[in-house]
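Before any comments, here is the structure.
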Amino acid sequence: MGDVAVGVKRGSDELMSTSVYNSGSDMSSISDVTANGSDSKSNGSDSKKLRVEDRMEAPPSRVLHIRKLPNETSESEVIALGLPFGKVTNILTLKGKNQAFLELGTEEAAITMINYYSTVTPHVRNVPVFIQYSNHKALKTDSGNQRAQAVLQAVSAVQGGGTPTSGSIVDLTAASSPVLRIIIDNMFYPVTLDVLQQIFSKFGTVMKIITFTKNNQFQALLQFNDPPTAQQAKIALDGQNIYNSCCTLRIDYSKLVNLNVKYNNDKSRDYTRPELPAGDGQPAMDPNMAAAFQGKDSNSLLGGLSPLNAAAAAAAAAGRVALSGHSGSSGVLLASNLNEEMVTPQSLFTLFGVYGDAQRVKILYNKKDSALIQMADANQAQLAMSHLNGQKMHGKAIRVALSKHTSVQLPRDGLDDQGLTKDFTNSPLHRFKKPGSKNFQNIFPPTTTLHLSNIPTDVTEEDLRLLFSNAGGTVNAFKFFQDHKMALLQMSTVEEAIQGLIDLHNYNMGDNHHLRVSFSKSTI
């Protein structure tokens with residue numbers, strides 16, 4: 001498959017016989033239209049005319065034309081592309097041609113959808129698809145399109161806060177429980193509890209979530225307020241990828257009908273009871289986040305995003321990961337406006353290592369206020385750039401951008417580059433070597449509050465306060481977790497926290513206890 005673009009170019013299949021879309025028309029008339037959009041009986045001049053018209057742009061319309069769909073794409077998968085942007089009012093699938101038409105409730109919703117997919121390539125079953133405006137202002141289908149209409153009725157009922165009527169769903173297993181069991185296959189990037197809430201809340205009220213690891217797989221139990229909502233979420237999201245080519249959702253109904261959540265933390269949450277304790281040394285739910293979920297529709301946090309990319313956007317909104325969809329970009333970053341008197345490859349490795357596994361770092365020989373940092377992949381580079389650009393390091397606001405380079409070259413053998421280049425490929429300090437690592441769930445932008453772990457039992461609060469004060473800052477607050485192996489430490493500024501992390505992450509506290517330092521979303 002060639003490169004896929006997203007835009008408003010009029011597709012050849014827009015030129016199908018208009019009788020297909022007229023009320024009461026015979027659906028079999030589709031068979032009289034060839035794959036390239038021309039009538040099978042057209043002569044050569046007609047085909048040429050169609051190819052010329054193919055290059056015309058269609059004006060905005062609430063009907064969107066979707067092409068290059070994978071074989072056997074379901075109606076629910078097509079509907080899922082449009083759900084986040086507004087009410088889906090009609091659908092027509094042309095399965096023999098791998099195409100579909102999707103009608104949204106308003107033209108504004110369609111424009112939002114086209115604008116969004118002009119920056120993030122839409123995918124269905126891992127395959128990039130092409131979305132554009134249709135020349136038709138409304139989509140009319142006949143009663144022969146029963147299954148599509150049945151799925152659409154179920155969607156409409158959930159969107160409108162109702163319950164699908166009996167018999168409205170054809171060949172779909174009825175949900176007996178409001179609880180879904182979710183397994184994440186190929187989990188290469190983080191999937192947090194907040195990410196799941198953002199995705200699934202598009203379909204209704206998420207009451208409770210419990211996440212856990214079983215058989216080396218990240219899993220979750222998620223409870224909606226009623227079984228029909230769980231059913232619609234399963235129809236739309238089962239088999240979808242959260243990120244491009246990975247983190248596939250496998251969804252089934254749970255035998256449980258109610259979840260018992262004891263703690264609100266990064267592993268479990270009851271959105272109906274924000275007062276629950278954090279427990280088990282896990283960070284408590286942020287008070288602002290709790291207020292946002294209490295009695296409010298959190299759908300607005302995602303705006304107009306597709307469920308196919310919703311987790312990436314949700315995580316970005318929560319300050320965790322950058323938007324995916326930039327798979328063509330480089331994994332090499334250019335950091336500039338560095339303090340050349342203070343910066344070292346090690347300090348850059350430590351800071352950028354909060355957001356990915358930095359492989360190589362090179363401070364430029366003729367411009368020592370700039371450096372190249374090679375991350376493990378383009379997504380990690382995007383993540384580091386989104387969180388670190390503009391942050392202060394060693395007294396200067398650093399600039400971080402994607403580099404035109406595709407890799408950082410090591411100096412030739414025998415060439416002394418004064419230690420400006422360092423290879424960290426095999427460093428034991430990489431935080432994200434293991435897919436599904438819990439470190440993926442604790443990625444936050446730089447904040448004044450640092451999370452400390454791996455603290456020896458004989459180290460006191462005063463010891464840690466002194467340690468971070470000597471790093472060049474003021475410790476405003478400190479809090480041990482119950483087991484004293486972890487703590488929160490709040491510096492007076494974000495710059496001081498960044499400096500403390502650079503200086504003291506992996507600091508040897510004695511008896512081979514190396515301190516682990518990361519940014520925290522919590523406050524003290």
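A Cβ is built for glycine as well, from the same backbone N, Cα and C atoms used for every other residue.
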Annotated stretch (region 'Disordered', per TrEMBL) among the listed ranges 19-57, 409-447: 19-57
Residues in the domain 'RRM' (180-256) grouped by DSSP into helix, strand and remaining coil: 19 helix, 34 strand, 24 coil
Secondary structure composition of the domain 'RRM' (331-405) [DSSP: H/G/I, E/B, coil]: 19 helix, 21 strand, 35 coil
The domain 'RRM' (448-522): DSSP-derived helix, strand, coil residue counts: 21 helix, 22 strand, 32 coil
Integer average pLDDT (0 to 100) for the domain 'RRM' (180-256): 85
